Amino acid sequence: CPPGNFECENGICISTLKRCDRTVDCENGFDEMNCAYSHSCDGHICSSGECTYTCHMAYCISMSKVCDGIPDCPHQDDEMECETLV
């Protein structure tokens, strides 16, 4: 990756500004692993009008990414226990 970028495990480059920003940008959440946060969310804290969900690995993703058919947490727990409407 060019300077100022972070390489995801799948080889895709993202801005280093997206590393450890509590939003999953790499396919498997690699950009949010091994991050030192000053505090962690409890899965249901809303700040700035956006609710968050805590993945099994203890970092947050936007609630809009939960049950959207795209795994954003490393263990795909954001896509488990989702109801399907027929």
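Think of each number as a place in line: the chain as shown, counted from 1.
Note that Cβ sites are derived from N, Cα and C of the backbone, with glycine treated the same way.
A TrEMBL annotation is a machine prediction, not a hand-curated record.
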Query: Considering the candidates C67, C73, which is the cysteine that TrEMBL reports in a disulfide bond with C82?
result: C67
Task: Can you sort out which of C8, C41, C46 is the disulfide partner TrEMBL gives for C26?
output: C8
- line: Checking TrEMBL: of C13, C35, the cysteine bonded to C20 via disulfide is C35
Task: Taking C1 as one end of a disulfide recorded in TrEMBL, give the other end from among C13, C41.
output: C13
- request: Look at the disulfide annotations in TrEMBL and name the partner of C73 from this list: C55, C60.
  value: C55
Statement: In this structure, the one of the disulfide-bonded residues C1, C35, C67, C82 whose CB has the fewest other CB atoms within 10 Å is C82
Query: Between C8, C13, C20, C26, which of the disulfide-bonded residues has the fewest other CB atoms within 10 angstroms in the structure shown?
result: C13
Task: Inside 10 Å of the Cβ of C73 (disulfide bond), count up the other Cβ atoms and send me the figure.
output: 22
